[in-house]
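*Asks:* There's a structure below that I have some questions on.
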Ligand code: F6R
């Protein structure tokens, strides 16, 4: 979603702002802009589309000045256009905004009544005009910004810049994260630490409701009541290499390839020294206390929950309810006292997931989150936050975060099973020994890259693709379909194989590839029967299975992909690789923007 940067520096701000915005590109955007103050004069440049358009504009119409703000916009109110792009400027005020101002219509009506004219369709312009009205009423820039922030409802991160003020930025956070970067005689603002990576590794995250008054020499933070507060300054591990493509054509390719390494890291973090037990960083999680688990997330993270439902129920015998956060938060589900609520999120900032978490506070016995971004709101608002240790994920389509989420959830399910006496210490040790083989198996699955590339070239011609799976491979079928549609723009659906004949089989024809994930496990024969039903109706099947499975079922199949054999329980983690590589190569064959697919944002901070 939208990205914010602010600079009070000792060098020209424009190149620094554009560079920082580049680091925020991964969040998804459709226009961008910057504003600076130079010789007391506030000016701005904005462009639709990729940042290169803004850079080109700046070549022809440069912006001087060492103080500035910048923004990448993901449209919510008003189409992507230069007029609607940020920074929004009203009189002496420029502002950049991430989030949604819910009461903007009321504010707009009141400002219109006072004679202020609106030229955009955005909620953000209201913020700029309100601040202008306060300045014109005689307030100082700081007081005008604070009075404006106080009047706003909704979720937002904001950064203000004022005409005539070359040493002042005002930042505010309510619902959308914002960080301040501390330099030597210069200070910065960024939506996340990644934006600040090339400027500083000293970062302070604003808390909910905080406002910060920033100059080159000082940062003063006030809470929502106006009381001055101290927030922890942290040194962030800015391993710049981890946010480069490292020789890959796309971040997504790099992140798919990283999976053996990051999963090995996650395993070594959670496994005891002898590898026979699971050590959770927080001892407060006692699985004998719970009689039910509720898991809530969005998108790919939801499919990780869906997979984990099979594990928790089959191995730990704990009933699990799952839901997408956008539905869960409004359906007012009753919650029994002995519920463990688990929220899964790569970014830790997804607005619906955060709202669902807040709904569960005081109702569930424990709020547990499984997150990638350790400093995120979801992590901070949980009783226990378990890191997935995937490292920075830049590609909008989630890959390594998904497999790391699965790994951590598998460990949790095994821990629950052992604690509840459902499995012996020996069985746990055996399952963990299985799990430790995963990085090696993932590496072998990555060797299928060329085969999957060839298959994907053919898939790229398709208009519709179906994915089938049974048991824990069903959520993977859903994830495979999501991955394919989001980056290749080919329509795809995932179905439980057994459900096909209850309707979707009507879609089968010789033009619709059907991708079947079927390791040779206890459910294999059932899945193969469903696959035969597809082939009997002229459907062309791509069967992803192992040596044993292909020996039995390859006849009449359009294409096969032979996977390494994998212990049954962990097959969804291994089979995520072909699901991801199929989507990736199909998108490359279609020439889409793989890392920043149209209309999508990496961190969805609006509902
Ligand atoms: C799909 C994808 C999204 C996210 C979803 C939740 O590839 O990345 O579906 O999984 O927006 O995001 P997080 O995990 O940040 O809460």
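One is the number of the first residue shown, and numbering goes on along the chain from there.
Cβ atoms here come from the backbone N, Cα and C positions, even for glycine.
Automatic prediction, not curation, is the source of TrEMBL annotations.
What you see is a predicted model, and the numbers here were worked out from it, not measured in a lab.
What TrEMBL lists as domain 'Glutamine amidotransferase type-2' is 2-217. Taken from TrEMBL, the feature active site, nucleophile applies to 2. According to TrEMBL, the feature domain 'SIS' maps to 283-422, 455-597. Annotation comment: TrEMBL describes 602 as active site, for Fru-6P isomerization activity.
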*Asks:* Using DSSP, how many residues in the domain 'SIS' (455-597) fall into helix, strand and coil?
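*Replies:* Grouping H, G, I as helix and E, B as strand yields 74 helix, 29 strand, 40 coil.
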*Asks:* Can you grab the distance from residue 2 (active site, nucleophile) over to the residue listed as 'active site, for Fru-6P isomerization activity'? Cα atoms, rounded to a whole Å.
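*Replies:* Here the two Cα atoms are 10 Å apart.
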*Asks:* With every protein chain in view, what's the tally of Cβ atoms within 10 Å of the Cβ of residue 2 (active site, nucleophile), excluding that atom itself?
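*Replies:* 30, counting other Cβ atoms within 10 Å of residue 2 (active site, nucleophile).
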*Asks:* Which secondary structure state does DSSP assign to residue 2 (active site, nucleophile), in the simple three-class scheme?
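*Replies:* For residue 2 (active site, nucleophile) - judged by DSSP and reduced to three states - the answer is coil.
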*Asks:* How many other Cβ atoms sit within 10 Å of the Cβ of residue 602 (active site, for Fru-6P isomerization activity)?
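*Replies:* I count 24 other Cβ atoms within 10 Å of it.
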*Asks:* DSSP-wise, what's the residue breakdown of the domain 'SIS' (283-422) into helix, strand and coil?
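*Replies:* When I sort the residues of the domain 'SIS' (283-422) into the three classes, I find 59 helix, 28 strand, 53 coil.
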